[in-house]
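Just below is one structure, and these are the notes that go with it.
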Amino acid sequence: GSAPSPPSPVAGPLGSALSSRFGARPVAMVGGFLAGLGLFLGAFATHMTHLYLSVGLLAGLGWALVFTPSLGAVGRYFPSRRALATGLVVSGASVSGLALGPLVPWLLDTYGWRGALLLLAAISFNLVAAGALLRPLPVPDESLGPPRERAGPLQLLWHGPFLRYALAFVLVDAGYYVPFVHGAARAHEVGCDEHRAGLVMAAMATVDGGGRVAAGWLAARPTAPLLRHLFAWAVLTGFTLFLLPLGTSFGGLLTLALAYGFCAGALVPLQFAGVAEVVGTERLVHAIGLMQMFESFGSLLGAPFAGWLRDTTGTYTIAFLAAGAFLLAGSLLILTLPGFFCASRGAGGKEGGPAPAPDGPEPPPAALEPAL
């Protein structure tokens with residue numbers, strides 16, 4: 001699907017720490033190699049444990065090492081158009097999801113699961129070349145600073161606005177993935193056959209990418225602070241989740257799935273661009289990694305909880321209503337952030353105070369931000 005995969009509890013902070021130490025380019029290249037290697041080794045598995053270790057652990061670690069440094073680097077490349085740049089970057093997940101949807105079944109039918117993994121490994125190895133295209137950024141020499149300045153990630157654990165922001169997305173992710181995981185089963189519940197259920201999911205995936213680009217473009221307009229855009233899309237996503245149980249026919253469910261897919265897609269770029277609004281650019285990579293660790297708990301628990309509600313009540317109605325409630329609860333926490341009611345951008349200090357001095361020289365925006 002086009003929804004972003006649930007973040008890894010460990011690999012996010014690991015990717016941010018390595019990126020701060022060695023730079024985004026080498027970490028992303030190593031991650032691409034590990035992703036391809038994991039799929040390649042999985043093709044020779046003779047036991048389920050081998051697949052857990054190769055595809056699950058090794059390839060998953062590789063993808064995380066690509067995602068976190070790349071997203072953090074893009075956030076620093078485009079300080080004034082961060083939301084639009086992030087929207088264009090994460091829209092690639094929608095394109096790949098649409099491409100791999102029909103491709104993977106064809107590979108399985110034609111080459112078997114081992115051959116399919118080998119071909120997917122060949123595709124993943126291209127991440128090495130993609131990572132090599134990242135423009136290097138100056139890596140601060142943290143050994144020269146006092147201990148207080150070197151403890152960037154630890155400081156974030158006492159950074160009130162960041163913790164509220166992370167908690168907001170723990171709640172958001174507890175509801176966000178429910179339609180992507182249970183959408184096909186909901187379509188079957190209302191009488192759709194396999195083909196129509198697939199159309200519902202494909203439609204949701206298609207408009208997801210458009211929502212990502214559209215939200216990034218709208219947030220780049222100087223009409224309101226980015227956090228207000230984020231709050232508005234979170235509320236819209238929660239309300240569309242509330243409405244999903246009203247789709248009791250193929251046409252109604254398809255219409256509501258299109259609305260949810262667009263709004264859910266719009267949340268993704270603003271979520272990561274908003275991190276810089278809360279902690280500042282100099283700690284962006286560390287903050288993205290830690291936020292992925294925190295929000296993984298919501299994303300990993302939300303879909304099973306919705307399934308339990310379905311088994312208990314006999315319908316997905318309560319499950320979707322609960323998911324929407326999680327999203328709305330998360331959106332309310334965004335209201336408490338210090339940058340929400342003012343037009344200033346990049347509040348980075350504790351409880352909204354001025355951002356601390358960067359750990360190292362920040363590249364001038366003009367040198368980093370090529371024209372889009």
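Any Cβ shown, glycine's included, is placed from N, Cα and C.
What TrEMBL says about this protein:
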- 1-342: domain 'Major facilitator superfamily (MFS) profile' (DOMAIN)
- 27-45: transmembrane segment (TRANSMEM)
- 51-71: transmembrane segment (TRANSMEM)
- 83-104: transmembrane segment (TRANSMEM)
- 116-135: transmembrane segment (TRANSMEM)
- 156-178: transmembrane segment (TRANSMEM)
- 198-218: transmembrane segment (TRANSMEM)
- 230-247: transmembrane segment (TRANSMEM)
- 253-272: transmembrane segment (TRANSMEM)
- 284-306: transmembrane segment (TRANSMEM)
- 318-341: transmembrane segment (TRANSMEM)
- 348-372: region 'Disordered' (REGION)
- 355-372: compositional bias 'Pro residues' (COMPBIAS)
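Only sequence-distant pairs (6 or more apart) were considered; of these, at least three Cβ pairs between the transmembrane segment (156-178) and the transmembrane segment (284-306) are under 8 A, so the stretches are in contact.
The transmembrane segment (253-272) makes contact with the transmembrane segment (198-218): 3 or more of their CB pairs lie within 8 A, with pairs spaced 6 or more apart in sequence. Mean model confidence for the domain 'Major facilitator superfamily (MFS) profile' (1-342) is a pLDDT of 85. Distant neighbours of the transmembrane segment (284-306): 6-17, 19-20, 24, 64, 68-69, 71-73, 75-76, 152-153, 156-157, 162, 165-167, 169-178, 181-182, 272, 275-276, 278, 316, 319-320, 322-323, 326; these residues of the same chain sit at least 6 beyond its ends, with a Cβ under 8 Å from one of its Cβ atoms.
For the transmembrane segment (83-104), the most Cβ-contacting stretch among 51-71, 116-135, 198-218, 318-341 is 198-218 (pairs under 8 Å).
Between the transmembrane segment (116-135) and the stretches 27-45, 51-71, 198-218, 318-341, the greatest number of Cβ pairs separated by less than 8 Å involves 27-45. Within its own chain, the transmembrane segment (318-341) has Cβ neighbours under 8 Å at 161, 164-165, 167-172, 174-176, 178-179, 182, 186, 225, 227-228, 230-231, 234-235, 237-242, 244-245, 277-278, 298, 302, 305-307, 309-310, 347, 351-352, counting only residues six or more beyond its boundaries.
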